[in-house]
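What follows is a single structure, written as C-alpha cells, with notes after it.
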Amino acid sequence: MIRQIYGLSSGSTTLTSGVTDQPPAKGICATLVTIYGYKCQELEVVTDDGYILSVQRIPEGRVSAGGNGDAKRQPVLIQHGVLVDGMTWLQNQPEQNLPTILADQGFDVWISNTRGTKFSSRHTSLQPNQQEFWNWSWDELAKFDLPALFGYIYNKTGQKIHYVGHSQGTLAAMIALSEGLLVEKIKSAALLSPVAYLKTTRSLLTVICKEASIANLFGDSAFDPKGQLLPFFNLGNTLCAASKMNCYELLTPITGPNCCLNGSTYHLFANNQPQPTAMKNIRHFGQTIRYGFLAKYDYGSSEANMQHYGKTKPPVYNLSNIPSDLPLFLSYGLQDGLSDVKDVKLLLDILKPHHDADKLTTQYIKEYAHMDFIFGVNAKDIVYTHVVSFFKNHTDF
C-alpha cells in the first residue's frame, strides 16, 4: 500500500533566536553554517547553457554520526523554490534547519541556488543587465540546472543522490525525471509543497502570473520584487515594525497562513528575500494556471512554437513517465496557498496508477502552509524526521 503519514503539531513550540540577520556578504557558508561549527564549502557548478550556480556543501555533521568520521555518506541535494534562494533552508538554529539536521544524521549535504538569484547571478558570457540572461523558465531548470548539479555531485562522490525539493524545486525535478533526465543518478526524492498542476491555487502570486496584462508591466527580463515592488515591501515592513504582529504574516496572501514561523528571524528573511527570477518563468507559471496542464513554454504563436519545438503547440509533460520504482516522499499542507491540496491530489491521481505502491509515501499536515516546510520551527519533528527516515530506508550503507 501507499504509505501515508499525517503530521499534526502538538502543543506550543518554543521560538528560538540568535540567527544573524546580516546580509551574507561573505557567502552562505560563512554567514549561516560555519559559525555553528560545521564544515562548509562554497562551490560553483556551470550549466551547459553557461549559468554559474552557487552550491554550498556541508560534508558532515558537527558530531560524526555513529562516531565514525570516515564513514561513507550518501549525498543529498536540497533545492529551494521560486523567488527565494538556498539561505531560506538556514533561517533557524542548526537543530531546526533541514541541511544541518541531515548533516548531523550522517548525510553529505549540498544546497543549490537557482540561476538568477543573488549567488547564482553569473554566466560565462552574459550579464544580468542583458535581456538574454533572463531568457529561461523552469523548462531550463529541469533541462540544464538539475542535470549539471546531479552530474557534479555524482562525479565528486561516486554515489547516487537523494533529492529534496520545495515548490518550484519539486516541479523542476518531476519534469526532469519525466523526460528521462537524472534517472541514472537519483536515489530517491522528497517533494515538499509539491507544485505541478495549478488549477486551484489561491495565491496572490498567481494573479501576477496568470494575468498577462499585469505580467507585461514587468517587462521581458527579470522579475525582481525587491526592486520593482520595493515601496510595497518598505510599507509592509514599516507597518509590521510598528505593530506586535509576526511579520511573516505579510507572506500570507502569497503562501497561505503559515502556522509556525519564528518572528525573530524575519529580519534575516527580509534582508535577503525575495530573490529575482525571470519574467519568462513567471509567464510560464501563468500558462500552467490558465491551461490546467503541464507543458513546455508557449511562445505565443504557431510559428514561434514551430521554430522551437517543430510543433505548433508546446509539448506536454507526462509525469506518469517518472520511473515507477523511484522512491518518492510527498508532504503537503492544508493551508498552502501555492501547493493547493486539490492540485496535489490531482498530481497523486496521475502518479499512483503508474507508481509502485511501496515506493510512494505521502504526508498531509493540516496546519502547514507553504513556508512552514522550509523554516517552520517545528518542521524538524513534523516533517524532517520523516525525510531523514525516508532517506535512511533508501540508503545503501
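Placement of Cβ uses the backbone N, Cα and C atoms for every residue, glycine included.
The active site, nucleophile annotation in TrEMBL covers S167. Counting every protein chain shown, the number of other Cβ atoms lying within 10 Å of the Cβ of S167 (active site, nucleophile) is 26.
In the three-state DSSP reading, D336 (active site, charge relay system) counts as coil. Long-range Cβ proximity for D336 (active site, charge relay system), meaning a same-chain Cβ under 8 A and a gap of 6 or more residues, is found for S193, T255, G256, Y368, A369, H370. Per TrEMBL, active site, charge relay system is recorded for D336 (among others).
What TrEMBL lists as active site, charge relay system is H370 (among others). When secondary structure is read from DSSP and collapsed to three states, H370 (active site, charge relay system) falls in the coil class.
When pLDDT is averaged over the domain 'Partial AB-hydrolase lipase' (31-92), the result is 91. Marked as domain 'Partial AB-hydrolase lipase' by TrEMBL: 31-92.
Per DSSP, the domain 'Partial AB-hydrolase lipase' (31-92) is made up of 13 helix, 19 strand, 30 coil.
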